[in-house]
Structures are given as C-alpha cells and as structure tokens.
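A.B. asks: Before anything else, here's the structure in question.
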Amino acid sequence: MEVVIVEDAAAGGETVAQSIAQLLRAKPDALLGVATGSTPGPVYRALTAKARAGEVDVSAARIAQLDEYVGLPAGHPESYRSVVLREVVAPLGLAEDAFMGPDGSAEDVRAACLAYDRALAEAGGVDLQLLGIGTDGHIGFNEPCSSLASRTRIKTLTEQTRVDNARFFDGDITQVPRHVITQGIGTILEARHLVLLATGENKADAVALAVEGPVASVVPASALQLHPHATVVVDEAAASKLKLADYFRATYAAKPDWQGL
Ligand code: GLP
C-alpha cells in the first residue's frame with residue numbers, strides 16, 4: 001500500500017479532498033464511501049470549499065455510509081446517518097436521495113444488513129472508500145478478530161470503542177449503543193480505492209500495526225494490505241511509530257503530481 005505522510009490534520013484533509021476531486025472530474029457520479037468520527041472532518045470541509053470555489057462539480061456525486069449504530073431512534077443526532085447528512089450531504093449541496101446507508105433502526109437488522117450489502121453492489125460498487133481507524137485497529141466497526149472476508153452485518157462494540165466514542169454522547173458511555181451495523185471487511189475490500197486517514201499520536205500504534213505488521217484479523221485495518229489500491233494518509237504524529245517512514249516520504253516525494261493518490 002502507499003503511505004503518504006503529511007504535516008498535520010489539515011494537510012491530510014486537503015490531500016484526500018484533492019484525490020476525491022480528481023475522481024469526480026473523471027467520474028462525476030462516483031460513489032463515495034464516507035466514514036464518520038473526528039478524523040474525516042477536514043476532508044469534508046476541504047472538499048466543500050473546492051466545490052464552492054468551482055474547482056470541482058460534486059452535483060452528481062453519490063454518498064454511501066460505512067457503518068451505523070443499532071437501536072438509536074431515527075433522526076438521533078449521533079446516528080451516523082444524521083452525521084453523514086449533516087457533515088457531508090448537506091454541505092456539498094446534495095439531495096438526500098444521493099445518499100445510501102444501512103437502516104440501524106430496522107425491525108429486522110439482519111435483513112437490513114443483507115439489503116445494504118446488495119444495494120452497494122447494485123449501485124455499481126464504491127469507487128473510493130474513505131476510512132478512519134480505531135485505536136484498536138478497527139475499520140468501520142469491524143472490531144478486532146472480525147473475519148477478513150466478512151460482509152455487512154451486526155457487530156458488538158468493544159469496551160475500548162465505546163469509551164472512545166462516548167465523547168459524542170455527552171461523555172456518557174451508557175448512552176453509546178452496544179451493537180452496530182458495519183460494512184464487512186470483505187465488503188470494504190470491494191471498493192475500487194481505499195483511503196485510510198489517521199491523525200494524532202493516539203493512532204500511531206494502530207497505524208504501525210496495520211501498515212507494517214502482518215495481515216491479521218486482530219488488526220482489521222491490516223486487511224488493506226490485501227487491496228491492490230490502498231492509500232494510507234497519516235500526519236506526522238500518527239506516523240511516529242512507522243519504521244519505514246523515511247522510505248514512505250521519499251517514495252511519495254518522487255511521485256509525479258498528476259498521478260494523485
Ligand atoms: C468509529 C467509526 C470509524 C472511525 C473510528 C475512529 O468507530 N465507526 O469509522 O474510523 O470511529 O474515529 P475518530 O476518527 O473519531 O478517531
């Protein structure tokens with residue numbers, strides 16, 4: 001995989017937004033897989049700025065959600081559907097029907113998972129999937145020891161992830177749902193381009209294991225090593241435990257500008 005080391009979170013956002021803009025210029029109706037959490041915010045802001053400045057036409061873009069909490073009432077502000085509509089779909093000026101996601105409040109959650117997996121394929125597959133990484137190495141909500149071949153399904157969150165995500169629920173872990181729907185690792189690997197963005201020192205261990213460790217389900221993000229077009233964009237802090245950091249810097253510096261990520 002390609003590892004791109006940038007100075008800080010803002011530079012990471014700009015780098016990934018440029019890549020998305022490049023994709024949309026080549027394929028205006030690209031299906032963009034988006035992640036939630038704090039990390040991708042700079043990407044969405046940078047892409048919105050490019051769209052407003054007329055640098056890229058995003059009007060035909062389609063947006064697909066990566067994962068969702070189970071059991072939050074429909075319209076809950078911290079459901080990932082609400083987050084994606086608020087942070088991506090609305091700022092880009094897209095209509096809600098440009099958006100697809102799993103139904104976390106469905107009565108039959110298993111059927112909702114299967115339906116979403118099918119819907120992604122029927123939509124032609126994800127062109128670029130943006131991913132964050134959990135401190136335990138998860139992608140989407142695929143917690144450690146998720147099957148590397150898994151499909152969209154229900155998962156139980158680890159205590160660590162519930163602690164990490166409590167900040168979105170007034171710091172109250174009891175409000176963080178225990179169950180989630182997530183695109184499986186096998187589903188994620190079907191996207192044409194995977195872009196994992198990680199910023200901050202608290203991600204350094206997970207990034208080093210994912211990039212330089214063995215492919216292992218105990219570090220779900222290591223599955224990116226199996227993908228023919230996977231890019232990991234990290235700021236200096238998140239790159240601080242990479243043994244090959246200098247090699248990654250030299251490789252990226254030698255790459256022609258036009259090539260993108
Ligand atoms: C959640 C999401 C992931 C995200 C992770 C890291 O668990 N399901 O998709 O990558 O949080 O979030 P953050 O970027 O806030 O650290």
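Every residue, even glycine, has its Cβ placed from backbone N, Cα and C.
As listed in TrEMBL for this protein:
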type     : residues : note
ACT_SITE : Asp67    : active site, proton acceptor
ACT_SITE : Asp136   : active site, for ring-opening step
ACT_SITE : His138   : active site, proton acceptor
ACT_SITE : Glu143   : active site, for ring-opening step
DOMAIN   : 10-226   : domain 'Glucosamine/galactosamine-6-phosphate isomerase'
SITE     : Ser146   : site 'Part of the allosteric site'
SITE     : Arg153   : site 'Part of the allosteric site'
SITE     : Lys155   : site 'Part of the allosteric site'
SITE     : Thr156   : site 'Part of the allosteric site'
A.B. asks: Could you check which of the recorded positions Asp67, Asp136, His138, Glu143, Ser146 is the closest Cα neighbour of Thr156 (site 'Part of the allosteric site')?
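C.D. replies: The smallest Cα gap between Thr156 (site 'Part of the allosteric site') and any of the recorded positions is with Glu143.
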A.B. asks: How many whole Å apart are the CA atoms of Asp136 (active site, for ring-opening step) and Glu143 (active site, for ring-opening step)?
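C.D. replies: So the alpha carbons of Asp136 (active site, for ring-opening step) and Glu143 (active site, for ring-opening step) sit roughly 8 Å from each other.
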A.B. asks: Checking the recorded positions Asp67, His138, Lys155, which are within 10 Å of Ser146 (site 'Part of the allosteric site') at the Cα level?
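C.D. replies: The recorded positions passing the 10 Å Cα test are His138, Lys155.
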A.B. asks: Taking the Cβ of Thr156 (site 'Part of the allosteric site') as the centre, count every other Cβ atom within 10 Å, in any protein chain shown.
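C.D. replies: A 10 Å sphere around the Cβ of Thr156 (site 'Part of the allosteric site') contains 13 other Cβ atoms.
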A.B. asks: So if I measure Cβ to Cβ from Glu143 (active site, for ring-opening step) and keep only same-chain residues at least 6 apart in sequence, which ones fall under 8 Å?
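C.D. replies: Listed in sequence order, they are Gly134, Asp136, Lys155, Thr156, Leu157, Thr158, Thr161, Pro220.
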A.B. asks: Round to a whole number and give the Cα-to-Cα distance in Å for the pair Asp67 (active site, proton acceptor) and His138 (active site, proton acceptor).
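C.D. replies: Answer for this pair: 12 Å between alpha carbons.
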A.B. asks: Identify which of the following recorded positions, namely Asp67, Glu143, Ser146, place a Cβ less than 6 Å away from any atom of ligand 1, and list them by sequence position.
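C.D. replies: Asp67, by Cβ distance under 6 Å.
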A.B. asks: What count of other C-beta atoms do you get within 10 angstroms of the C-beta of Lys155 (site 'Part of the allosteric site'), across all chains shown?
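C.D. replies: 22, counting other Cβ atoms within 10 Å of Lys155 (site 'Part of the allosteric site').
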